[in-house]
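As recorded in Swiss-Prot:
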type	residues	note
BINDING	12, 13, 14, 15, 16, 17, 18, 19, 20	ATP binding site
């Protein structure tokens with residue numbers, strides 16, 4: 001059952017709309033959801049909760065291998081559940097972010113989390129949100145989507161998000177940060193940010209989120225022959 005459960009992977013750069021699309025797909029299809037971008041933060045928080053030495057690869061590996069985490073999409077929002085507790089806000093703190101960066105530096109921790117991510121593949125299906133879901137984590141996924149947008153559009157979206165939260169932000173600075181991250185992600189030696197050869201590439205620059213969701217759903221139904229709802 002686990003090996004044959006279908007997977008829809010959604011990869012792409014930050015700000016392209018992956019999270020919104022994946023939540024909508026998971027809710028529409030009633031499938032499980034994996035937010036790979038949050039998983040290192042969840043591991044970091046678990047390490048802090050259990051007072052595990054974050055500088056010890058030996059100590060982190062078993063925690064990563066048995067990480068008790070679920071991602072729930074509901075009403076367009078993502079809930080991150082660690083050991084039965086909603087930690088959606090807690091994983092976004094600076095302390096957790098710094099700890100996550102340390103944990104991600106260990107090869108054996110990365111390998112343990114790779115196996116843990118693959119274990120999310122269960123019936124009726126999985127929506128996998130990330131940067132290397134279709135190329136590394138689920139290379140055999142029947143539906144692969146690469147969601148992109150211009151760096152200017154992504155910076156604009158990020159600026160609006162931050163302004164809604166009351167932050168005063170500089171567009172040019174945001175744009176420079178996004179371009180720098182893009183360059184780093186696309187040129188890294190391990191798992192660079194590139195579309196899988198068999199991925200549907202969607203450029204959301206001039207598309208509404210509803211258009212993106214409908215295009216992705218139509219494609220998934222075509223490939224998987226899913227029953228129309």
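Here the Cβ of each residue, glycine as well, is placed from N, Cα and C on the backbone.
Sitting within 8 Å of the Cβ centre of 12, 13, 14, 15, 16, 17, 18, 19, 20, and not among those site residues for ATP, are the Cβ atoms of 21, 147, 149, 154, 204. Counting other Cβ atoms within 10 Å of each Cβ, the lowest count among the binding-site residues 18, 20 belongs to 20.
DSSP classifies residue 12 (ATP binding site) as coil under the three-state reduction. Neighbour count (other Cβ atoms within 10 Å of the Cβ, all protein chains): 17 for residue 14 (ATP binding site).
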